[in-house]
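Chemist: Per Swiss-Prot, motif ''HIGH' region' is recorded for 59-69. According to Swiss-Prot, the feature L-isoleucyl-5'-AMP binding site maps to GLU577. Per Swiss-Prot, motif ''KMSKS' region' is recorded for 618-622. Here Swiss-Prot flags LYS621 as ATP binding site, drawing on sequence analysis. Annotation source Swiss-Prot lists Zn(2+) binding site at CYS906, CYS909, CYS926, CYS929.
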Amino acid sequence: MTQDYKATLHLPATEFPMRGDLPKREPAMLERWEREGFYAQLRANAAGRPLFVLHDGPPYANGQIHLGHAVNKILKDIIVKSKCLAGFDAPYIPGWDCHGLPIEIAIEKKYGKVGVKLDAAEFRQKCREYATEQIDLQRRDFKRLGVIGDWDNPYKTLDFRFEANEIRALAKVVDNGHLTRGVKPVHWCFDCGSALAEAEIEYADKVSPTVDIAYPARDPGAVAAAFGATLPGGVGVAVPIWTTTPWTLPASLAVSLGAELDYVLVEGPADRGQPRWLVIAEALAAKALARYGVDEVVVHGHAKGTALEQMLLNHPFYAEREIPLLLGDHVSAEDGTGAVHTAPGHGQEDYQVSKQYGLLERYGAAQINPVDGRGVYLPSTPPLGDTVLAGLHIWKANDVIIEALHGTGVLLAASKMEHSYPHCWRHKTPIAFRATPQWFISMEQANLRADALKAIESVHWYPSWGQARIAGMVDGRPDWTISRQRTWGVPIALFVHRETGEPHPRSTELLRQVADRVELGGVDVWYTLDAAELLGDEAADYDKITDILDVWFDSGVTHEAVLVDRGLPKPADLYLEGSDQHRGWFQSSLLSGVAMDKAAPYKQCLTHGFTVDEHGRKMSKSLGNGIEPQDIMKTLGADILRLWIASADYSNEMSLSQEILKRNADAYRRLRNTARFLLGNLHGFDPLQHLVALEDMVLLDRWIVHRAHELQEKIVAAYARYDFAEIVQALLNFCSVDLGSLYLDVTKDRLYTMAEDARGRRSAQSAMYHVAEAFVRWIAPVMSFTADELWGYLPGKHVGNVLFATWYGGLAPLPADAALTSADFDKLLALREQVSKVLEPMRANGAIGAALEAEITVAADVQTAARWQPLAEELRFLFISGDVTVTAASTDDIFVSAQPTTKAKCVRCWHHQSSVGSDPRHPELCSRCVSNIEGPGEERRWF
C-alpha cells in the first residue's frame with residue numbers, strides 16, 4: 001500500500017485571497033485610510049525630503065465626474081505616489097474651479113435671473129452653496145478612485161482667501177503694466193450676455209450665407225487711372241467683397257486690400273443696365289466673375305494694392321458713408337475677391353487695420369458696433385432702404401439684408417456654405433465678434449508675448465510637440481479679455497475716473513486693501529463697499545468697476561493663490577491636464593505667471609489625450625458608448641480602472657470598451673496570482689531568521705534577484721519619465737516569462753520537497769521575498785488598493801502603507817565573477833527552450849507523458865560542454881526533466897536528444913531515478929527524498 005507523503009511536502013499556504021473582490025474590499029480600505037489619517041501620515045513620513053509638487057488643475061465644480069476626470073486624477077495620483085517611493089515629499093492639494101457661467105445657469109434655472117427672485121448678493125450666495133454641494137459629490141468619487149491628497153483642505157476658488165489672493169495677483173499684473181482697457185472686438189456669446197476668452201470657444205460646423213457685394217467707387221475715373229486705363233463714358237467702377245456675415249454690413253467702415261497683391265480691372269456684370277468694371281485680385285478674377293455669371297475675363301489694367309490706398313468707395317446701402325480703401329496684412333488671394341469688407345466692431349483684424357488708419361476716431365460707438373449684448377441691432381441702426389434693421393437679431397438679419405439688396409445692383413452673388421465656426425463652449429451656440437469696453441491683459445504693452453514665448457522654451461513638454469503647439473497659440477493670440485459682465489465671480493476691484501475712464505493712480509495699493517477685506521468677507525464686500533472708505537474725498541470722482549474676472553484668470557493664478565499661499569515652491573514641478581489645455585489652463589497659467597513674475601509657473605507640462613470607444617469615436621450618451629467610472633468601480637473595482645489608465649498610451653486618444661476592460665481584468669488577475677504564489681511559498685518564512693545572503697544563494701535564485709534588479713531600474717526610470725504603459729508591459733512580461741514560465745516552475749521542486757529549513761529552500765524563499773518586496777512597490781502607484789492589501793501579508797514587520805517606503809534596496813545585479821553570469825543564464829535558457837522543442841513531438845506521439853519521463857542528452861563543443869558538465873546533475877531541475885547528460889562533440893552547434901526513461905518514479909517528487917526503492921523503509925522514494933525527510937537533506941548549488 002502506497003504511503004501518503006503529503007504531510008512531508010511544504011505546499012503553498014497563504015490567507016491572501018485569490019479573488020480581488022475589489023468592489024467590496026476597496027471601500028473598506030478607504031475607510032481605514034480615512035480613519036488612520038493616511039495623507040497626514042504620508043506627509044509626516046516624508047518630512048525633510050526634497051519636494052516634488054504636482055499642481056492640480058481644478059476641475060469645474062458642476063456635475064458628476066466622468067471618465068476624463070478619472071484619467072486625469074489617476075495619472076496625477078500615479079505620479080505623486082511614484083515620487084513618494086522615489087524619496088520625495090510629494091504633497092497633492094486638489095482644487096476646484098467654482099465661479100462662472102455654468103453655475104450661474106444652474107441657479108437661474110431654479111430662481112430666475114438676478115433681480116427676479118434674488119438680488120445679486122443672494123444670487124451669489126446660492127451659487128456658492130451649489131458649488132460647495134458639487135464639490136462634495138465630486139470629492140467622494142475622486143477618493144473612491146484611490147486618489148490620495150489633502151481632501152480635507154483642498155483649494156476652492158470660492159474661498160474668501162483664494163478670492164483675496166486672486167485680487168492680489170491682479171494687483172501684481174497691474175503693477176507690472178500689463179492691464180489695459182479699451183473698446184475692442186471680443187468673442188461674445190449672446191446667450192451668456194458676456195465676453196468669452198479664447199479658451200471658452202470651440203469650433204463646430206455651421207451653414208452660413210455667402211454674398212458678393214459691390215462697393216461703387218466715388219471717383220471711377222481715378223480708380224481706372226490707377227490701373228493705367230481710361231474709363232469710357234457711362235461705365236461705373238466697383239470693388240466687390242465676399243463675406244459669410246452679411247449682418248456685419250451695417251457696421252462696414254472700410255474695404256481692405258493686400259498691399260502687394262496683383263489686382264486687375266475687369267469687365268463685370270452690368271449695374272441695372274449700366275456697364276461696370278470691377279477691381280478683383282488677379283488670382284481670383286475668373287472664379288469671382290463665374291459667380292457673377294460672366295464667362296469671359298476682359299482685363300483693362302493691372303495694379304498693386306498700394307496704388308489704390310485711400311481711394312474712396314460708397315457704402316453699398318448707406319450712400320452718405322464714404323468707405324476708404326485700406327491696406328491690411330490679413331488680406332490674401334486664397335478665396336473671395338481679394339478685397340475684405342472691414343467692420344472694426346466685429347473683427348480683430350478689421351479693428352487693427354482701422355485703428356492703424358485712424359478710422360475709429362471718425363465714428364461713434366453705435367456705428368462701430370450697432371449690435372447690443374443680446375445680438376439685436378441698436379435703435380439707432382439706420383434702415384436698409386425701406387427695411388428696418390433696428391431691433392432685428394443678427395442671425396435673422398442675414399436673410400433680411402440679402403433680400404433687401406436684391407434689385408439694388410450691389411448684390412453680385414448669394415449662396416450658402418458649411419464651414420467651421422466659433423461656438424460658445426457652454427451653450428453650443430454661434431458667437432460673434434462684438435466691440436465692447438473690456439479689460440485686457442495686453443500681449444504687447446509690457447512685452448508679455450515675447451516674454452511668454454521665451455518662458456515656453458524653459459519648460460519640459462510631454463509630449464515634446466506640446467511646445468510648438470502652445471508657442472504657436474501664444475504667438476498668434478489676441479490680448480486676453482479678462483472682464484466678464486456676469487454676477488458670480490471675483491470682481492475687477494478697480495476704481496476708474498468718471499471723466500477720463502482711467503484707473504486710480506493708486507490702483508495696486510487699493511486692490512490690496514480691497515483684497516484684505518475680501519479675505520474676511522468674500523467678494524460681496526466689494527459691492528457693499530463705500531468708495532469713500534478707501535478714497536476719501538476723491539470718491540466723488542471715481543466709479544467702482546462691476547465687471548468680474550474671467551474664470552480662466554481664477555484658475556490661471558492658482559500658482560500664486562495656492563502654491564505661494566501654502567508655502568510650496570514656484571514654479572511647480574509639474575502641471576498635467578488634457579491636451580485641450582494648451583489653449584486653456586496651461587496658457588492662462590503661463591500668461592499670468594509671466595505677467596506677474598516673468599517666468600512660467602511650471603517646470604514640466606504633461607498632456608493626455610481624450611477617451612474614445614474602441615472604434616475611436618467620442619463617447620456620448622447619443623451613441624450609447626459612454627462608460628462611467630462609477631460603473632467600473634461598482635463592477636470591477638478602481639484598481640482595474642487604474643490599470644487600464646496606466647497601460648494605455650495616454651499621449652494619444654485612449655480607447656475603452658467592455659472588451660478592453662475585460663483584458664485589463666485578466667491582466668490584473670495575472671499580477672495578483674503572481675503575488676499570491678509568492679506569498680504562498682513564503683509561508684513560514686521570517687526574513688529576520690531565514691534570509692539567505694545574496695552571495696550564498698542558489699545561483700538560479702541569485703539570477704532572479706538580478707532580473708528583478710534590472711526590472712526595477714527600468715521601472716524606476718519609466719516612472720520618472722511618466723511612461724506607465726512600459727511599466728505595465730514590463731511587469732506582465734516579468735510575471736509571465738521570468739517568473740511564471742521559468743523561475744516559479746523550476747523552484748517548486750526545492751520549495752515543496754526540501755526540508756523546511758534547508759538552505760536550498762530558504763534560498764528560494766529569500767529570492768521570492770526580495771521579489772515580493774520589490775513587486776509590491778512596483779505596483780503601488782498603479783494598483784494602490786491591491787498593493788496596500790499585499791503589503792499587509794508580506795513576511796516581516798510592515799508598518800502603515802507601502803507608500804511610507806521607498807524603492808526596494810535589497811536587489812543587486814549578478815557580480816561579474818559569478819559562477820554563472822547573466823550571459824551564462826541566457827545560454828542555458830536558450831538550451832532549455834531547445835529541450836522543450838525536442839520533447840514536444842515525444843509528448844504528442846505518446847512516447848512520454850510529462851517531461852520528467854524523458855532523459856536528455858546534450859552534445860556541445862568541448863568548451864561549452866566543459867562549462868556545462870559541472871551543472872549536469874542539476875540541469876534536470878532547470879529542464880524539469882529526467883536525468884541530463886552533457887557530452888563533448890566536434891561541432892559548433894548544440895544538439896539535444898531525448899529518450900523515455902526506464903527508471904522508476906518517486907511518488908513524492910515525481911522524478912524518475914534509479915535510486916527509487918534503495919531504502920527499504922521507503923520503497924517508493926528516491927534517495928534524495930529520503931534524505932530530505934529523514935537525513936541531512938540535499939544540497940543545491942545551481943538550480
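Note that Cβ sites are derived from N, Cα and C of the backbone, with glycine treated the same way.
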Chemist: Taking the Cβ of CYS926 (Zn(2+) binding site) as the reference point, list residues of the same chain whose Cβ is under 8 angstroms away and which are at least six residues distant in sequence.
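Modeler: In sequence order, the residues whose Cβ lies under 8 Å from that of CYS926 (Zn(2+) binding site) (at least 6 apart) are CYS906, ARG908, CYS909, HIS911, GLN913, SER915, VAL916, SER918.
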Chemist: Here are some binding-site residues: CYS906, CYS909, CYS929. Which one has the most Cβ atoms within 10 Å of its Cβ?
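Modeler: Neighbour-count leader: CYS929.
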Chemist: For the C-alpha pair, I'd like the distance in angstrom between GLU577 (L-isoleucyl-5'-AMP binding site) and CYS929 (Zn(2+) binding site), rounded off.
Modeler: 61
Chemist: Using DSSP with the three-state reduction, classify CYS909 (Zn(2+) binding site) as helix, strand or coil.
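Modeler: In three-state terms, CYS909 (Zn(2+) binding site) counts as coil.
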Chemist: Near the Cβ of GLU577 (L-isoleucyl-5'-AMP binding site), how many other Cβ atoms are there if near means within 10 Å?
Modeler: 21
Chemist: Taking the mean position of the Cβ atoms of CYS906, CYS909, CYS926, CYS929 as the Zn(2+) site, which residues outside that list, in the same chain, have a Cβ no more than 8 Å away, listed in sequence order?
Modeler: THR753, VAL907, ARG908, TRP910, HIS911, GLN913, VAL916, LEU925, SER927, ARG928, VAL930
Chemist: Three-state secondary structure of CYS926 (Zn(2+) binding site) from DSSP?
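Modeler: CYS926 (Zn(2+) binding site) sits in coil per DSSP, no helix or strand.
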Chemist: Calculate the per-residue pLDDT averaged over the motif ''KMSKS' region' (618-622) and state the result as an integer.
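Modeler: Here the predicted model's pLDDT, averaged over the motif ''KMSKS' region' (618-622), is 76.
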Chemist: Under the DSSP assignment, what numbers of helix, strand and coil residues are found in the motif ''HIGH' region' (59-69)?
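Modeler: Within the motif ''HIGH' region' (59-69) the tally stands at 3 helix, 1 strand, 7 coil.
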